[in-house]
Structure formats: structure tokens, C-alpha cells
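Here is the structure we will look at.
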Amino acid sequence: MARSAPIALLAAAMLAACPAVRADGLRPYVVVGDAIPVSLTGTNGDATRGRALIVERSSTCILCHSGPFPEQAFQGDLAPNLAGSGNRWSEGQLRLRLVDAAHLNPATIMPSYYRVDGLSRVGNAWRGKPILSAEQIEDIVAYLVTLRD
Amino acid sequence: MKFFACIAILAAMAGAALAAEIPQAERRSGYSFMGPDSKAMQDDDTANPGMLWVLDGEALWQRKAGTASKSCADCHNDARVSMKGIAAHYPAFDKTLGKPVDLEGRINLCRSNHQQAPPLAYESRELLALTAYVAEQSRGMPIAAGDDPGLAPFVAKGHELFTRRQGQLNLACANCHDDNWDKKLAGAPITQGQPTGYPLYRLEWQSLGSLQRRLRACITGIRAQAYDFGSPELVELELYLMSRARGMKLETPAVRP
């Protein structure tokens, strides 16, 4: 903990020095260890919107994950149950796992939800766009940290 | 440095562990993942909607077409004899073209070369019907595609396509159909992707459809650009999948959810 505070400060300073939008249209972020400590949007997400996004099929989360969503009959079991996410991971760890899980494990089947480079043959409708927007990522992160056993 | 070397080794091990193909003894048709109602529909020819296309195909087999005014039967006689076991060997190597040709492609080559008729459009009622009729003559026979040594490089290309990540979701066919079959994707079982019953009747489509149609739907599902009907990539994928299903029984016309 003693080491992570200055690193987070450094990350914030680096972010402040960067342009608000990168050449690929995405917001800049800094990975510190296995986390992105600072919000992609600079503000906290909305947990209620985050939950609504997760149970929406088009977000793709529950195709593979299950979780405490009794209203959703069709959930996946290819990936860990999302219950207890807030116990297992910090906000910054969850953010990196959503933004670019492949950064931590290149063999993962979890898509990188906030990445447009290093992909091949992306369909016209989706080309150059991340799966989720920075705002959507922050909303989902805000919800996942509330999932405590 | 040691830490990163460890990560690299672990990642390589994970990659190797995941890349394994399904052992012979564990291979399962999509049929085995279905509920009793869908199984019953496939098993009963009077309830299987795919048989309507087979009957259409039987009629088309006799119909003269093109400027040569020839029917399939004029050259091939009784399909129940001449076409028995043929579909189990498709896609097959075409020596003139120097590449694999699938059953739909073969029917269209026959039309242009021998009937002097225009090719039938992919997914048209007529092409599906003729393909289903020809394939139904091999129902119950073991799949034996990929034998011809000329096919080897194309099987390899198909395998490469099967394991290549693509699309916005950055997934390869193998991520689901080799590594995670029998798990649930949004509540529905992931099959092994064994192409044992094409063309088949998909309840979701309310129609018969080809393996190429199914492959295009899956590719769109991972948000990648679907290959065009008849493209070399789709034929190579078909060929790889049929060689991967070697020994499994043909079920055309199958029923799937």
C-alpha cells in the first residue's frame, strides 16, 4: 500500500500530461501493476447503469459470465461467476480486466472491451470502435465493486 | 526479468493446453446436445422439415436444365445408387481447378459444364434442395472427407482459419468449439461444431441452410467480416471441419435449434 500511493499519483500526473483522446479515439490510461488505478473518464461511474449494462445481452458479459441476476434466465458458464467480484479485485484491477484482459493473459478468451488495435478482420459495423465506451466501462466497474459476498 | 520469463512460459503452456483437438472418443454430433423434441423431429422423416427440401431435390434431379437440356439423372441415373456415399467425401479435390470444391460448388460446376445452365445462387431453394437430396443418399455413412493428398494444404489452411482469432471479440472458432464445448453460452450448450448434418433445418432460421451459412453466422457473432459465399476460406473451413469429423455418421437433413 505504501508503494501504490505514489504510483497512483504518478499515473494521475502522466494522465494529466496526456491529451484527453488518443489518435485511435480512445481515452488514454496508464497500467500500474495489474490495474488501471484512474477512471477512464475522470469521474466515477454509475453502478445502477452498470448493472443494467451487464444484464443486457448486447454488452456480451452474460453470454459467458453468470451472476446475481435472477431476472436473466440465459447466462453463461464459460467464465467466473461475477458474484464476489468486489471481494476478489480492486476497482483498478477490475478496470484493467475490462479494458484489456489480454494484457494480463494473452491466452484468455475474455475480449478486450476498450481496445481497437491488434484485432483482425473486424466487421464493418464495429471497425475502429471499442466493444464498450469509456463511460460504459466506468459504469460496469462501479457496479462490480459493489458485488461483495 | 525472471517474472516475465515465468509469465511467458505459463502463457505458452496455457496456449499449448488449449490448442488440443478433441480426441476421437469424445467427438459428439450437435444432435447429442439437443433436447428430446428436436431429436424426435430429426428422427421422424414425416416430422423432419428438411425432408421437404429432399423431396424437392428428388424432383429437380429429374428436371432438364440449361441449353444442353439435360437433367442430373440423364448422366447420373438413379441418385439412390450413383450418389450413395458421395457427400461423405465432400469437399473433394477438383483436379482441373486444383482446389477443393464443396457439394454446392460441385452441383454448380455440373450445371455450367454439363447442363450449360447458370449457377444456382447460394441458399436458393433449388441449390439447397439438390444438395440435401444428394447428401441424404449418404445418411448413416461415415464421413471420409480429406483423403486426397491434394487436399492436405487446404485442410491445413482450414485449420489455420479455425484457430485464428478475429473480429471485435477477438475469438477463434477453436476457443469455443475445441476448448469450451458443452459449456453454456447464454444458457445454450456450445457444440463441437461437427458438420454432420448439412444442409440442415435450423429452427432459428425456419429453413434449411448450408454449412457456409452457419459459418458466416458464427463469424458475424464474433463481430468479424464474414467471408463471401463460395469464397476459398469458407470451403477450406468446410473441408477442415469435415476432415475433423472423420468417421462420424452423416445425418442430412439434420434438425438443429
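Going from the start of the chain as shown, residues are counted 1 onward.
Each Cβ is built from the backbone N, Cα and C atoms, and glycine gets one as well.
No curator has checked TrEMBL annotations; they are predicted automatically.
The signal peptide annotation in TrEMBL covers B:1-19.
According to TrEMBL, the feature domain 'Cytochrome c' maps to B:52-138.
According to TrEMBL, the feature heme c 1 binding site maps to B:Cys72, B:Cys75, B:His76, B:Cys110. Sequence-distant neighbours of B:Cys110 (heme c 1 binding site) (same chain, six or more apart, CB under 8 Å from its CB) are B:Cys72, listed in sequence order.
Annotated heme c 2 binding site per TrEMBL: B:Cys173, B:Cys176, B:His177, B:Cys218, in sequence order. When Cβ atoms from all protein chains are considered, those within 10 Å of B:Cys218 (heme c 2 binding site) total 17, not counting its own.
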Do you know which of the binding-site residues B:His76, B:His177 has the most other C-beta atoms within 10 angstroms of its C-beta?
B:His177
If you take the centroid of the Cβ atoms of B:Cys173, B:Cys176, B:His177, B:Cys218, the listed heme c 2 site, which other residues of that chain have their Cβ within 8 Å of it?
B:Phe162, B:Leu171, B:Ala172, B:Ala174, B:Asn175, B:Ile190, B:Gly193
Cβ within 8 Å of the mean position of the Cβ atoms of B:Cys72, B:Cys75, B:His76, B:Cys110: remaining residues of the chain near heme c 1:
B:Lys70, B:Ser71, B:Ala73, B:Asp74, B:His114
Heme c 1 binding residues B:Cys72, B:Cys75, B:His76, B:Cys110: largest Cα-Cα distance, in Å and rounded to whole number:
11
Fill in the CA-CA distance, B:His76 (heme c 1 binding site) to B:Cys176 (heme c 2 binding site), as an integer in Å.
41
Which of B:Cys72, B:Cys75, B:Cys173, B:Cys176, the listed binding-site residues, has fewest other Cβ atoms within 10 Å:
B:Cys75
Give the distance between the Cα atoms of B:Cys218 (heme c 2 binding site) and B:Cys75 (heme c 1 binding site), rounded to the nearest whole Å.
37
